[in-house]
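Copied over from TrEMBL:
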DOMAIN    A:5-114  domain 'CMP/dCMP-type deaminase'
BINDING   A:His56, A:Cys86, A:Cys89  Zn(2+) binding site
ACT_SITE  A:Glu58  active site, proton donor
There are 2 protein chains.
Amino acid sequence: MIEPYDDTYFMKRALQEAEEAYEQGEIPIGAVIVANNQIIARAHNLTETLNDVTAHAEMQAITSAASFLGGKYLQKCTLYVTIEPCQMCAGALYWSQISNIVYGARDEQRGCIEMGTKLHPKTGMKGGVLAEECSQLLKKFFVEKRNLN
Amino acid sequence: MIEPYDDTYFMKRALQEAEEAYEQGEIPIGAVIVANNQIIARAHNLTETLNDVTAHAEMQAITSAASFLGGKYLQKCTLYVTIEPCQMCAGALYWSQISNIVYGARDEQRGCIEMGTKLHPKTGMKGGVLAEECSQLLKKFFVEKRNLN
């Protein structure tokens, strides 16, 4: 049987969010949070629009998912995010006790792995889902930004 | 000459925020952000009220200060917070490029020092300002909470 709701399916939804960010001139990173194969939150980076360094895709998705669930813990939820979370977002995910984090491309400079951020013991993390697409969108953004300046 | 606007002065303002949190049944942690000896943001923990693990005092103060300044970087600002920031908040402070972090009491379990969170190279941090008062308020909260349950 083909499972329509696999990691690739949900990462594509996160990528759609990243593309929306791209269209708005934001660093193109997108995220969705899934519970029982249902997307309960979707968000993209809004740091420029909101003038706020805390407005990463994951932060907004965490707030939105908690609002949907009516409780602040995201146990039994999975976050799909196009780029490996940073220290701040991994720290927020720690508090949320989310079950799973699935990211697309690594952030080898400022991602939580390189930075050594601790995840909650209940949280699993894996990466590499549509990594090339996720990474390419980010690269395209920065190349264009560099050419504009 | 007596300097009225010293670390103790601003930490007292952060403690007032923590006391407001306490009155609202929130974990009593408060923060203010100061630029040119002026408080430009004040906030306290609102995780219960907002049902949101990201609603730490520091996170809200960062957002609020950026809104006041009309720009997302907090260079030349100092954050005063009653308890050492966690990974999430230290991660957000990293992105904000804030000049200084002054905390009251250590959080030896889940504070950014124990967790090894990286601060921005432009950011200095010191602790121990009114540490006893900051710590006592937190202890009082948890003792009362334990006795209620």
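One is the number of the first residue shown, and numbering goes on along the chain from there.
Glycine residues also receive a Cβ, built from the backbone N, Cα and C atoms like all the rest.
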Ordered by sequence, the long-range same-chain Cβ contacts of A:Glu58 (active site, proton donor) under 8 Å (at least 6 apart) are A:Ala31, A:Ala43, A:Leu79, A:Val81, A:Pro85, A:Cys89, A:Ala92, A:Leu93
Neighbouring CB atoms within 10 angstroms of the CB of A:His56 (Zn(2+) binding site), all protein chains considered, total 28
So A:Cys86 (Zn(2+) binding site), by the Cβ count within 10 Å over all chains shown, scores 25
One finds that other Cβ atoms within 10 Å of the Cβ of A:Cys89 (Zn(2+) binding site) number exactly 31
Across the domain 'CMP/dCMP-type deaminase' (A:5-114), the model's average pLDDT, rounded to a whole number, is 97
